[in-house]
């Protein structure tokens, strides 16, 4: 069990580590050679270019004055206002930072009240002194509720504080939910025109004999949405082609590396072996070998491209359907389309950069099976991780092990070893065990079949939260209590075990203090240092980069990683709310984390992170729900503690607290959550009217034509440009009963040649609609093989 001295050692190590990380960051960030590592966001946003820093020729910063301003990044991180921050980094980033300020708003007043009221009550209890022979404890545990005598009237003060802290937390949650909901609606209302505002994703499209998927979709939506349906974009299963292209890119990188190596040393051509890691196989010229391999791979890529374009089975029963108004898209996305509720499933399409294309090829019927299997896998993973969690707790509770295994005492009792083992190593070990877990959970979420990056991160965050709750929180308490009180468990009668647990649970606050210092202090300082991206960037810059474009690709700005960071944040809320009444001395550690992390992540969001998508704070309902869950867990924990301490008069009064909390959550859910789940038709109509008034000649057909074109077709375009051949596949459409007279075929042909995508309008009757795919080969200099379809919508007479 960690003593005050052990916590001092841990605090010294972590504060020293954080200071060293910050000092290294202050030095490295001002070096011109590291500019793209610590300021990639500015390059991506166009606020800094290749010529802004003379780091291409000067590697070291020789201005000594800048070295004395090592904290200059702090005012820079705080200078940008919220409106500017939203414009610069998006609403997701701005709302993510508000979670940290919410933590400060909740726990700062709670900490002040708890330290002034509860600490004196706990210290004057004196119970642990009477249990010295039965229960292991330290001086810090005298500040917890465990030190209050069983049956004491002092528990009424803890009960009162529980009500005060809960009401204050709910008040701040209500205000924050209201503010975030308003920010979301205002952001959506002021957002510029985007393709996803007019687009709905349709899944589980039924197969109809003698009809292609595109024809089935077109017929269904023209019949059920005749006034607003604009067109549709089919989805192709091109995953195999994408893997081949990625394989080619990796081979090309190696070829570039060896060519650059040969240019630097022209007297010696690079050679190597083709076997495993270059240790076996035949000796080859690396440049010739990779050229030949890439040439063979090009043939496979061309063959796979033809298969994707010509195989009807490559068209998936998924489609992106577009409408001529936001109102029409909102009606379709938020209503049931078919009598069969498992078919024609519609939802808002994620923005194009948010689409996870690989999962669109997963058959819909297999999604339920995948989710079931992944649920079992997550359940097994949680219990598998109980093994390292128990090992971590064995490091944190050496006294209990000494009683069972006295032969280890000579080694453990060395002061330096003991302080290191109990004060620093447990938190570090737990951090290391959790390092790979978010990546594993993200892979599981991808297997489940979610079709957007934002939903993948939210599902990963859900899995990670449950893991942190069961393993890190409950597992650490249960395993830690068992290790601490091994002697009591073995020798006391069974009727005394609940009392032992009730006294020991608050004592686990010392372990969580060490974890907060490792993860929330030194870990956050390591985040701003960016050791891994720094090393990888310079390795790429040394061996791969040849042009300015290569240098831009070598940058690794990353994103906030909500799937990993949100559960970690929610763990801190859980610890703060549970231990606010039980062991208030933990609260200052949490306050330091929220304040320090807010500064660091604000700097990273402004200068480093480049979000892959914008969900308009769609993750906030999960954040709110899990803070409510933390409140309920704190109530259950306190109820259990009081029940084991013979507080018969005060404990029943606690029953009303979780009931009031659940009522509050239900009210907030009905009051604010619809703003995150549905788009108001009133808002959609208002925005449509305003847009028609300001841009009466807007051609949405052209704007939406290739918005959801599968990335595979963009790859085709690049290949065709290299081959100097252009082949266009047209799919034209026209509006219902509002068409212009057809232009002459010759002029129409010339216009289509000058634009990749064009809409061809013809007069038609209302009874004759036929969605037509017209694959036409055009010749610029010569005929070439078939290229990807650019989709144009055409409603015309069929002759």
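Positions of Cβ are set from backbone N, Cα and C atoms, glycine also.
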Transmembrane segment range according to TrEMBL, out of 332-351, 352-371, 372-391: 372-391
Candidate ranges 34-57, 58-81, 82-105, 106-129 [criterion: TrEMBL lists as transmembrane segment]: 106-129
Transmembrane segment range according to TrEMBL, out of 284-303, 304-323, 404-423, 424-443: 424-443
Transmembrane segment according to TrEMBL, located in which of 543-562, 603-622, 623-642: 623-642
Distant-in-sequence neighbours of the transmembrane segment (155-174), which means Cβ under 8 A and at least six residues beyond its ends: 102, 105-106, 109-110, 113-114, 117-118, 121, 145, 148, 577, 580-581, 624, 627-628, 631, 634-635, 638, 642, 645, 647, 649-651, 653-654, 657, 660-661, 664, 668
Whole-number mean of pLDDT values that fall within the domain 'CSC1/OSCA1-like 7TM region' (370-642): 82
Tertiary contacts of the transmembrane segment (623-642), as residues 6+ beyond its ends and Cβ separation under 8 Å: 99, 145, 155, 158-159, 162, 166, 169-170, 173, 176-177, 465, 469, 502, 505-506, 566, 569-570, 573-574, 577-578, 580-582, 650-651, 654-655, 657-658, 661-662, 664-665, 668-669
